[in-house]
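**Student:** The structure's right below; bear with me while I get my questions together.
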Amino acid sequence: MAGIVVVFDFDKTIIDRDSDNWVVDELGFTDLFNQLLPTMPWNTLMDTMMKEMHAQGTTIDDIVEVLKRSPIHPRIVPAIKSAHALGCELRIVSDANMFFIETILEHLGVKECFSELNSNPSFVDEEGRLRIFPYHDFTKTSHGCNLCPPNMCKGVIIERIQACLEGKKKIIYLGDGSGDYCPSLRLGESDYVMPRKNFPVWELICRNPMLIKADIHEWSDGEDLERVLLDIINMVSVEHNSAQLFSVDCKLQTISTSNHALPPVLPVPQ
């Protein structure tokens, strides 16, 4: 469906864990992480954890192998492939990081389904250490949103996407965390939001659903996500096709009327 953009969060939406915590826990650095957590922002903490892991002999290959084992519901990949096959444009907006996301998507065989990935930048330096940086450099300026963490306002990203679409496409937004609330508020009446049930964004929306202009469709697991997402896509497709048929029918009626031969004018008896 060429008129739909599907925007996914990543952690606890595409995969079933927080990718940062998954890597830290699986590689045995949970205690150090918990010690440092109160002392610095999350992005700085993750960059510091990569430094500590590297210093203690953890390699990029070790991290990659852990990422490949990330828990994921078996219906998530089919859902992504189906939405892509139906002609939807797929994007990711996530507060994880680019290296983790790209590694997992490549492993799942769905990276090419996505036209855009928005996340915290990361790269492997010349020493083989993974560096992680904030999407928005909060040390220089603030993004101005008090609903979002200082390193990323997903609402700002959604507004950029909306500006590019110029109202010509509908957005379906899927997420689970509190950071997904701000972009949900920015969706329009023709859009759809899919909050994960009993997760922070769902709880925030439930407090006052009237603040959300988009249609709200909750989901609970991967099977639910696939069903709800494809139902929305099919519904939008039917509405789009019906509108096109109505437009064509109107045009045909106009052509028929304009080509209809009028009866000859009869002379008026004198």
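The first residue you see is number 1, and the count goes up from there.
Just so it is clear, glycine is given a Cβ too, placed from its N, Cα and C backbone atoms.
Pasting the feature list from TrEMBL:
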BINDING   ASP9, ASP11, ASP176  Mg(2+) binding site
ACT_SITE  ASP9  active site, nucleophile
ACT_SITE  ASP11  active site, proton donor
BINDING   ASP20, ASP95  substrate binding site
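Quick one: how deep are these features, and who are their neighbours?
**Tutor:** Other C-beta atoms found within 10 angstroms of the C-beta of ASP11 (Mg(2+) binding site) number 23, with every protein chain shown included.
Taking all protein chains in view, 24 other C-beta atoms sit within 10 angstroms of the C-beta of ASP9 (Mg(2+) binding site).
Using a 10 Å Cβ-Cβ cutoff, ASP95 (substrate binding site) registers 25 neighbours.
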**Student:** How many other Cβ atoms sit within 10 Å of the Cβ of ASP20 (substrate binding site)?
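**Tutor:** Within a 10 Å radius of the Cβ of ASP20 (substrate binding site) lie 21 other Cβ atoms.
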**Student:** Spatially speaking, which of the binding-site residues ASP9, ASP11, ASP176 is closest to ASP20 (substrate binding site)? Use C-alpha to C-alpha, please.
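**Tutor:** Comparing Cα positions, the candidate nearest ASP20 (substrate binding site) turns out to be ASP11.
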